[in-house]
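Undergrad: Handing you this structure, nothing more for now.
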Amino acid sequence: MADSSTNMRLRLPLLCIILEVILIILFGTLVEYNHDTDAKLWNKNRTGPRNDYENEFYYRYPSFQDVHVMIFVGFGFLMTFLQRYGFSSVGFNFLIAAFSLQWATLMQGFFHGMHHGKIHVGVESMINADFCTGAVLISFGAVLGKTSPVQLLVMAIFEVTLFAINEFILLSILGANDAGGSMTIHTFGAYFGLMVTRVLYRPNLSKSQQRNSSVYHSDLFAMIGTIYLWMFWPSFNSAITNYGDPQHRTAMNTYYSLAACTVATFAFSALVNPEGKLDMVHIQNAALAGGVAVGTAGEMMLTAFGSMIVGFLAGTISVLGYKYLTPVLESKLKIQDTCGINNLHGMPGILGAVVGAVTAALASKDVYGDGLQRVFADVETGKWSPESKGGFQAISLAVTLGIALFGGLVTGLILKLPIYGAPPDTHCFEDGLYWELPGEEEGHNELHEVATPNEVEKLNS
Amino acid sequence: MADSSTNMRLRLPLLCIILEVILIILFGTLVEYNHDTDAKLWNKNRTGPRNDYENEFYYRYPSFQDVHVMIFVGFGFLMTFLQRYGFSSVGFNFLIAAFSLQWATLMQGFFHGMHHGKIHVGVESMINADFCTGAVLISFGAVLGKTSPVQLLVMAIFEVTLFAINEFILLSILGANDAGGSMTIHTFGAYFGLMVTRVLYRPNLSKSQQRNSSVYHSDLFAMIGTIYLWMFWPSFNSAITNYGDPQHRTAMNTYYSLAACTVATFAFSALVNPEGKLDMVHIQNAALAGGVAVGTAGEMMLTAFGSMIVGFLAGTISVLGYKYLTPVLESKLKIQDTCGINNLHGMPGILGAVVGAVTAALASKDVYGDGLQRVFADVETGKWSPESKGGFQAISLAVTLGIALFGGLVTGLILKLPIYGAPPDTHCFEDGLYWELPGEEEGHNELHEVATPNEVEKLNS
Amino acid sequence: MADSSTNMRLRLPLLCIILEVILIILFGTLVEYNHDTDAKLWNKNRTGPRNDYENEFYYRYPSFQDVHVMIFVGFGFLMTFLQRYGFSSVGFNFLIAAFSLQWATLMQGFFHGMHHGKIHVGVESMINADFCTGAVLISFGAVLGKTSPVQLLVMAIFEVTLFAINEFILLSILGANDAGGSMTIHTFGAYFGLMVTRVLYRPNLSKSQQRNSSVYHSDLFAMIGTIYLWMFWPSFNSAITNYGDPQHRTAMNTYYSLAACTVATFAFSALVNPEGKLDMVHIQNAALAGGVAVGTAGEMMLTAFGSMIVGFLAGTISVLGYKYLTPVLESKLKIQDTCGINNLHGMPGILGAVVGAVTAALASKDVYGDGLQRVFADVETGKWSPESKGGFQAISLAVTLGIALFGGLVTGLILKLPIYGAPPDTHCFEDGLYWELPGEEEGHNELHEVATPNEVEKLNS
């Protein structure tokens, strides 16, 4: 089913090996254990039994593992909803995530983790690398089924780099708060991906339309992804907040936001269907928007009440987006968004940024007490005021959108070069191009023969 | 495949939106951050670096996440064993759990978490809310396939309320121990659900019999649920015990109980089959009974030895129940128990309550030392004696059964009203009524056409 | 589909019940709570609020749960790739793991956990029991599809015992480091299993060849296993290292090793395929070899750089092994290795042992500072030198290989007795022998009829 144009035999190994060798060399040159992972540093001046429970590992590792599950199982299985693209969904997700987390360690370290010329790594850098990887996987959702693994790796190279730059501007220069990444991860990943897919617009994608849909069991596999993302989102948003009350509060705010979002999703999914039937696309995706939308404000004193309002809005917006906006984006703006990332990450990410700006602008010593500077680190500088903080949060959103769209444009143009083995319009959403497919059980040998004999003949020639 | 009587277009959105708005208003009025989630309270009188590792988050959040997985993946996928009801199993589980955990926060807070007129929330209340949700999902198992989502939400409203009342009586008035909920969760959820399904008895359910069974891959999806419930049950039972030894001991007792239970389940599953073949229904369910049965005594000095005996008994009872009791309950008592919750939660729950009463009655300063009052908080009052404690545990079981059965009766009668869009007897265990079903792969378009053309015609008219 | 020779009705229940009764008696006689799980001991001499956060539970329980997921979901689902053996893969995995962890508690306790004649248990012994179980499940991979559950239990009895002996020699006598079990778990489990399958060689296995392969959805189920093993391997390798920096460092080293391994796996999987297509067998298995290969050195100052080199090598070796070595082992050495455990656990395990020996030989006070003796406990004895340490590590590998191969030989011969109900050559890789299979959906009743009518007739007679 593969012709030479999509043959990965040289392209993929060559790119993978070159990239990994570069990574290894750069790690060898630049990366060092940080204070909590280094045998010498952690045990320095040890007098009596050291309080090992103060090692950052015990504060963050359980959250890290939850985030890790979201990245590899959550994103990976969420995208298995396509009937013939399950291997690629989980598999390419696996590949580009494994690459991106290494590259992100370097890029994020380079921009905001250098100590005397070295990048220091530990559990926090692992979480941040996974976060950056999340943005790449969001963008993957937009181009799902229409790209070769080589294209995806190239996209990851650029996106990770630009992610690190944007994150540096937001967190280090503008001093923005964005612990759960409404802006840095979701808004960035979504609009980067949407711009890439716009540039890669395929006018004849309808030729693969029959595969651009789910079957019964593929939808159940996708629900594995959905539920894991949903359950562990509280860990995601709280993974790198300050210790103590912020981490605890963020997890709880996210929990309530998601619960309200899910109820709203079911409500609107039934409402927009003429027969009142629920749509798996909404349940799989929109129910998660509540996690996105409290990604910035979750660590603040948003309250359960505020979180639930935000979650309810996010679920509503997301379902309506799937129903009414996605078709328009495709027909009018030529944005072919396979997973509907605009509805799950784009609009809810912007909502999250706005909620974050407003919540920050309402912060006060009255409400936060001595905890104020544990949420807003820049309080200590004295230049801080709630209003200016809210303003910087808003500016951060604009910067993010700008870098994402511009970066997506450039990356899209690079990905358009005809050298990556992208699938033809007739064979998008098809595992058979890049994977050895197993045979079928007796009596089922017709299962994957959607391609007509003619097409197969042509491709095999 | 849906006719107007099961159309959810207005009913479901209306109920969801009204409920969520009420929840949001009540949260806005009544709910506050507790000491460990509030920025001001946690950082009060901070002198030098506060010991953030003492925040309850670090003691309970990993357990909470395990419980969360059990509620959403465990229960959700366990019920996907039905061939045509996977969307509803995972999906309705998702909806009613998301609603119930919010409603439970309020009800449990109202009955035993008020501080100066406010409900204080943190990771412990999140665990308790998930626990209460668990009881609703147990009851869901009894009526699985025979109820509309609107009915399930209405059931959840009543069940959560009664759960909170029963929990209040047991823990606050009777001073019972029940950290893992043998009584409050499993016995309550099971007998509430069994009574509901008794009241909703469908004499013509046999018309849907061909869908009331599994297929090969649906059984594998169900095993995902089983295994997650099994693995994380130690976290479930230990999630809200006291810190330190009780939490550690509870997890370990549960671990051994489940291991012994699994061996017993395989043994008896093969033994009761004429050809010695194992039955997936037993493996999926009975292997979990060991977790239920140490839900009360797990935190006590039950020992690994005691835990294994209890687990072995629970697995045995459960398999025998599936084989011999369930058919009798259906034919004689008209109890149609789709998932066999009597065997997984009902009888093992009662066993757990009895084991808890006996273990409590055997407690002594000799065995527990200074740890006695960390397990039995009421020791401090001075009125405590092992015998009286054992007695109160027994009374607690009786109270639980009474409230569950009476509550199930009333709730069942309310659910019998013909206004909720329940499925007709001919279309139970069928996703198509409430879900947009995906098409099938070429050559498979016959996959979900179990309904005869006649029926479809009638339904579509 | 089952004839009397494979009937489990008496054999399986009898063995299970006898084993469990023996286990319960031995637990009752020998096992006690350890200091951190016993109510009396933990609360002894309590003055003021005890620091419950120092209980081992909070250091190790999250890691334990991750390991637990690997054992039950990871191994269980990894083996569901076979088209008709999913029930057995997950189910028998469940059974032998539940048995093995109990038996391992006793055997490991007997050899290196006795205190005044009693075995003390807590979260560390739970992790160790799960580890030992892992070795049994590795061996299970070699004989997958060709053994009855009774055979598997008998294998587990012997393998657990020999595992504990080997572990005792390595850790207690030779003082080797092997926190993640490159030697004790992976090398041991692999070569034990390979020897067992060699002894059980089936010359006519080709009669079942048509079932010894995957179908589309069975490969997706297997990816659930793969991804969970991959994600939680950092927890596996770090679960029983010392607190603080070693645990933190081990998790991170494993994280980077696996990432590099995954990139290598994709590269070489495409490279060795004539059409450049990826092979699910490689992705499912070889991508995990990086975790195996840092099982010994992970806790040492291997650095991210070193970990990535090791991971890259492991992935490469593993893919090449699947492609070129496995067929040769089968045709020349008569080793029928269903899951290719030699490629995933065997060779990477040896690599891990060698890397561990080299890294240990390069250890110095210079690099480790005061942390040296927290990694190499035997430093304190004064007899320690890096060179001797490296030597003992190498000897440990040799001992492991010797015990595994000899033990596998003896166990294989015992398993060859014709009393266990092993499947005939014509019905390997077939759930129907040991499980009640569900019917199929209408229009699909041919799904599992691979056996010809003739065969069925013969078997049913």
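Even glycines carry a Cβ here, placed using N, Cα and C.
Annotations in TrEMBL come from automatic prediction, not curation.
Pulled these features from TrEMBL for this protein:
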TRANSMEM  B:12-31  transmembrane segment
DOMAIN    B:54-417  domain 'Ammonium transporter AmtB-like'
TRANSMEM  B:67-87  transmembrane segment
TRANSMEM  B:94-114  transmembrane segment
TRANSMEM  B:126-145  transmembrane segment
TRANSMEM  B:152-174  transmembrane segment
TRANSMEM  B:180-201  transmembrane segment
TRANSMEM  B:213-233  transmembrane segment
TRANSMEM  B:253-273  transmembrane segment
TRANSMEM  B:280-298  transmembrane segment
TRANSMEM  B:304-325  transmembrane segment
TRANSMEM  B:346-364  transmembrane segment
TRANSMEM  B:394-415  transmembrane segment
Undergrad: Do the transmembrane segment (B:280-298) and the transmembrane segment (B:394-415) share at least 3 Cβ pairs under 8 Å, sequence separation 6 or more?
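TA: Stretch pair does not touch.
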Undergrad: If you average pLDDT over the domain 'Ammonium transporter AmtB-like' (B:54-417), what do you get?
TA: 96
Undergrad: Ranking B:67-87, B:180-201, B:213-233, B:304-325, B:394-415 by the number of C-beta pairs under 8 Å to the transmembrane segment (B:126-145), which range is first?
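TA: Comparing B:67-87, B:180-201, B:213-233, B:304-325, B:394-415 against the transmembrane segment (B:126-145), the winner is B:180-201.
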Undergrad: With pairs fewer than 6 apart in sequence excluded, do the transmembrane segment (B:180-201) and the transmembrane segment (B:394-415) have three or more C-beta pairs that lie under 8 Å?
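TA: Checked: the transmembrane segment (B:394-415) vs the transmembrane segment (B:180-201), in contact.
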Undergrad: Any chance the transmembrane segment (B:346-364) and the transmembrane segment (B:180-201) have 3 or more Cβ pairs under 8 A, given the pairs are 6 or more apart in sequence?
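TA: Contact criterion met.
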Undergrad: Please give the sequence-distant neighbours of the transmembrane segment (B:67-87): residues at least 6 beyond its ends with Cβ less than 8 Å from one of its Cβ atoms.
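TA: Contacts of the transmembrane segment (B:67-87) (Cβ under 8 Å, skipping residues fewer than 6 from its ends): 93-94, 97, 127, 130-131, 133-134, 137-138, 140-141, 144-145, 211-215, 218-219, 221-222, 224-226, 228-229, 232-233, 235-236, 239, 280-281, 284-285, 338-339, 429-432, 435, 437, 448, 450.
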Undergrad: Under 8 Å between C-beta atoms and at least six residues away from its ends: which parts of the chain pack against the transmembrane segment (B:12-31)?
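TA: Contacts of the transmembrane segment (B:12-31) (Cβ under 8 Å, skipping residues fewer than 6 from its ends): 95, 99, 102-103, 105-106, 109-110, 117-119, 121, 149-150, 153-154, 157.
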Undergrad: Excluding the flanking five residues on each side, which residues at least 6 beyond the ends of the transmembrane segment (B:213-233) place their CB within less than 8 Å of a CB in that stretch?
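TA: Residues packing against the transmembrane segment (B:213-233) from afar: 66-67, 69-70, 73-83, 86, 254, 258, 262, 280, 283-285, 287-288, 291.
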